[in-house]
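Peer 1: Handing you a structure now.
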Amino acid sequence: MKLQNTLILIGCLFLMGAMIGDAYSRCQLQGFNCVVRSYGLPTIPCCRGLTCRSYFPGSTYGRCQRY
């Protein structure tokens, strides 16, 4: 019984890691933090259909939201 629980836990962690890794490697999902002005630094863009809206006017950081 203990082995089965351990395998389930490992499976869940692997899936979560894959999902998080996928989100960070390609694009930011809705509600995730993003950078409005990168100043030439490498940043992760928002996913297709989303735009980076700043928290307040002039802010460098924002959150990915639908157009």
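Cβ from N, Cα, C; glycine included.
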Peer 1: If you have Swiss-Prot open, could you say which of C12, C52 makes the disulfide with C34?
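Peer 2: As annotated by Swiss-Prot, the paired cysteine is C52.
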Peer 1: With reference to Swiss-Prot, specify which of the listed residues C27, C46 is paired with C64 by a disulfide.
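Peer 2: As annotated by Swiss-Prot, the paired cysteine is C46.
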Peer 1: Please list, in sequence order, the residues in the chain of C46 (disulfide bond) that are at least six apart in sequence and whose C-beta is under 8 Å away from its C-beta.
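Peer 2: The answer is C27, Q28, Q30, F32, C34, C52, C64.
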Peer 1: Using DSSP reduced to three states, classify C27 (disulfide bond) as helix, strand or coil.
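Peer 2: Coil, per DSSP.
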Peer 1: Does DSSP put C46 (disulfide bond) in a helix, in a strand, or in coil?
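Peer 2: Looking at the DSSP assignment, C46 (disulfide bond) belongs to a strand.
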